Amino acid sequence: MAFKIIASQCTQCGACEFECPSNAIELKGEKYVIDPKKCTECKGVFEIQQCASVCPMPKTCVPA
């Protein structure tokens, strides 16, 4: 299962985009989105999902 970004909570800071090891996050229009085909939930790379760990807004990057 991939992660998703709750658009209404996202501040568009961009921290998640730069931390994603699979380059699954990009800015589309005025919101960041996670490509579910690219998202690996950081498995095999990190113990926790990097998007969720760097996001300044709690529970904005969540399981899809």
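The backbone N, Cα and C atoms fix where each Cβ goes, and this holds for glycine too.
Features of the protein shown, as given by Swiss-Prot:
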{"type": "BINDING", "residues": "Cys10, Cys13, Cys16, Cys55", "note": "[4Fe-4S] cluster 1 binding site"}
{"type": "BINDING", "residues": "Cys20, Cys39, Cys42, Cys51", "note": "[4Fe-4S] cluster 2 binding site"}
{"type": "DOMAIN", "residues": "2-30", "note": "domain '4Fe-4S ferredoxin-type'"}
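With every protein chain in view, the residue among the binding-site residues Cys10, Cys20, Cys39, Cys42 whose Cβ has the most Cβ partners within 10 Å turns out to be Cys20.
For the domain '4Fe-4S ferredoxin-type' (2-30), the model's average pLDDT works out to 97. Counting residues of the domain '4Fe-4S ferredoxin-type' (2-30) by DSSP class, helix then strand then coil, yields 5 helix, 7 strand, 17 coil. Note on proximity: among Cys20, Cys39, Cys42, the binding-site residues of the record, the Cα nearest Cys55 ([4Fe-4S] cluster 1 binding site) is that of Cys20. Rounded to a whole number, the C-alpha distance linking Cys20 ([4Fe-4S] cluster 2 binding site) with Cys13 ([4Fe-4S] cluster 1 binding site) is 14 angstrom. For the binding-site residues given as Cys13, Cys16, Cys51, Cys55, the lowest number of other CB atoms within 10 Å of the residue's CB is seen at Cys13.
According to DSSP, Cys42 ([4Fe-4S] cluster 2 binding site) is assigned to coil rather than to any helix or strand.
Note on proximity: of the binding-site residues Cys39, Cys42, Cys51, the one nearest Cys10 ([4Fe-4S] cluster 1 binding site) is Cys51, by Cα distance. Put simply, Cys42 ([4Fe-4S] cluster 2 binding site) is 20 Å from Cys13 ([4Fe-4S] cluster 1 binding site) when counted between their Cα atoms.
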